[in-house]
Amino acid sequence: MDNVLSVLLMFKKELIGKDPLDIETIHTIMDGIIIGNTSAKAAIDIALYDIKGKIMNAPLYKVLGGFDSKVQTDITISIDKPEKMAVEALERVKEGFRILKLKAGINPEDDIEAVKLIREAVGESIRIRIDANQGWNVNSSINTIKKLEEFNVDAIEQALPHWDLDGTAYIRNKSNTKIMIDESLHSPIDAIKAIKKNAVDTFNIKLMKSSGIYPAIKINNIAEASGVNCMLGCMLETRIGITAAANLIASKKNITEADLDSFMFCEELEGISGGFVMDGDIMNLVNKPGLGIEVNL
């Protein structure tokens, strides 16, 4: 947090007085000041798009494309003993969640057992995807994914270390399950590299990785032109970041999946409200200008 604030102070000197609608110009300035620091850049980017929506007097999802006004999110089941994961999964389904994201990657045999028990607990109608968090190798990935096929798993996310696109392409070629990348994807350049290697079926874009909405749109455009679908995920973020991601998802038909549950696992800041209203696993975006967030700190 201190590092992000320090970078924002660096940006302050160069950005005050700039037109907030000149979003590409502002990204160019930020990139010229410092490499990386994508969360700080995302904070500025999200504020710019909120301003743009307010100037246009329209919700951000309409400003960005207006494909929909609601988003269905998954819910994460943290890695634990398989039996405990199955109990938590059933509880989440009873709360109204229809897509489960299972954390995995420590022990493939435990991962298989967890998926088996969860599928038995929740039934066939609930969608399941698995995030291996870079925890498998090529051989264990191929073997594990093959064994998981009987449990109707939607996708495997980031099976291998972020740098191993060749290995990821290999397991994709050997698998009947969709392969998603997360840690391998930060920028439009990363997107092109993964597509050229035939390493991916789905991108997991995160605003805090990509530097915000503007670069995320570039990644989605590359993906859509290449026949790759996108999901928007999140870090541990406030309602502001989650709302920004939800608006981008709702605006684009090629962003078909959402993993925006982190706000449920942290204490919300007092004085920040609005943006969306939850109904089960559906995020209904508010019909207010910009993000529709109210800040009274």
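First residue shown is number 1, and so on along the chain.
Heads up, the Cβ atoms here are built off N, Cα and C, so glycines get one too.
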Quick check on the annotation: TrEMBL has D131, D182 binding Mg(2+), so which of E91, E95, E157, E224 does it put in that site too?
E157
For K103 (active site, proton acceptor), the nonlocal same-chain Cβ neighbours (under 8 Å, six or more residues apart) come out as T76, I77, S78, I79, D131, N133
Among all chains shown, work out which of the binding-site residues D131, E157, D182 has the most CB atoms within 10 A of its CB.
E157
CB neighbours of K206 (active site, proton acceptor) within 10 A?
23
Residue counts for the domain 'Mandelate racemase/muconate lactonizing enzyme C-terminal' (82-178) under DSSP, helix then strand then coil, are 52 helix, 14 strand, 31 coil
